[in-house]
Amino acid sequence: MDLTQQAKDIQNITVQETNKNNSESIECSKITMDLKFNNSRKYISITVPSKTQTMSPHIKSVDDVVVLGMNLSKFNKLTQFFICVAGVFVFYLIYGYLQELIFSVEGFKSCGWYLTLVQFAFYSIFGLIELQLIQDKRRRIPGKTYMIIAFLTVGTMGLSNTSLGYLNYPTQVIFKCCKLIPVMLGGVFIQGKRYNVADVSAAICMSLGLIWFTLADSTTAPNFNLTGVVLISLALCADAVIGNVQEKAMKLHNASNSEMVLYSYSIGFVYILLGLTCTSGLGPAVTFCAKNPVRTYGYAFLFSLTGYFGISFVLALIKIFGALIAVTVTTGRKAMTIVLSFIFFAKPFTFQYVWSGLLVVLGIFLNVYSKNMDKIRLPSLYDLINKSVEARKSRTLAQTV
């Protein structure tokens, strides 16, 4: 009996070891399958549910870029670029017109921060509505990162809106056109990027054009104030940092545009509300806007709506093509805004605006050229000299004959 019992025990141990080895091999094959699957263009993120929930894997394409419910990932890169550029130009040209129209209301120039508060409130509502239309509603970017982005967004838009109380609108826009300069500095210090001679030349041209435009504005514009220059310069610095931070966060965490807009602007709304409450600037602004609801809140709604649509396309540009390309596109849009500003709103004009603006445009061209050197071949100085010498020789030969 003892021998029989020992034989049964040995047999049971062997069966258990065999089952254990089989289960380990199955687990190894699962791990191998997961690794192979992760190497493809799609990935599986498995969320461990609570006891009352059932587990379901969420499958999402890494390259999906959705703007206002439209999936841009279905198009090629060139089509994506033209769609984003068209969206930026259409919505932001209307946005710029409405912004100048609001500040043309008598007595509104001191309400720049309150306009930013209303704008952030509308952006938060629009972002929440758009997020409900997306299947994946999880927040991917950490809260601390959003607090930093919200602070920079408040600085960018709040200081920019407030500067209009001290500056001519084209001057404010020409400052924004030179955002490439702080963006390049931000790219160097935040992402460790390197820029070539063409990019540096573009920054120099923009700087000289900006100085020339500001000097012209100081002699012709009746409401020129150095306070506005300081405010818009600080707004540019914040804007330069935010583009690089947004690009890094969205690519690292694969976040959607609607998520970025919702959390950054809702947190920014709290920042501005606390600031206006502490400085006693909320009451007078509310009283003034209550007397002119259509020309303030009505314009602000349309202003915020077009701005929200525009920022969605800008974020798509940042996510697909990077911060520098997005800045180049928005800079071209701002140049068009300056032209429309002189057409629709009466203001002093001097040809120094034209020459300084052309210098800024030259900087934009150099920036675009630096990104497409392999496609755009400009003749070198040596080639130009050779061509001129050959032309002279041919003319001399013709005269001799």
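Glycine too: its Cβ is placed from the backbone N, Cα and C atoms.
Candidates Asn12, Asn225, Asn386 were compared with Swiss-Prot; the annotation N-linked glycosylation site appears at Asn12. Of the residues Asn38, Asn71, Swiss-Prot records the annotation N-linked glycosylation site for Asn71. Among the candidates Asn161, Asn254, the residue that Swiss-Prot annotates as N-linked glycosylation site is Asn254. Most buried of the glycosylation sites Asn71, Asn254, judged by other Cβ atoms within 10 Å, is Asn254.
Proximity of distant same-chain residues to the transmembrane segment (267-287), defined by a Cβ-Cβ separation under 8 Å and at least 6 residues beyond the stretch ends, is recorded for 110-111, 113-114, 116-117, 120-121, 124, 146-147, 150-151, 153-154, 158. If you look at the transmembrane segment (349-369) against the transmembrane segment (147-167), you find fewer than three C-beta pairs under 8 angstroms, all six or more positions apart, and that falls short of contact. With a cut-off of 8 Å between Cβ atoms, the residues of this chain six or more beyond the transmembrane segment (170-190) that come close are 96, 160, 163-164, 199, 202-203, 206-207, 209-210, 213-214, 217, 221, 224, 228-229, 232-233, 236-237, 239-241, 243-245, 248, 323-324, 327-328, 330-331, 334-335, 337-338, 341-342, 347, 353, 356-357, 360, 363-364, 367.
Counting residues 6+ beyond its ends, the transmembrane segment (78-98) has Cβ neighbours under 8 Å at 65, 67, 70, 72, 173, 299, 302-303, 306-307, 309-310, 312-314, 316-317, 320-321, 329-330, 332-334, 336-337, 340-341, 344 in the same chain.
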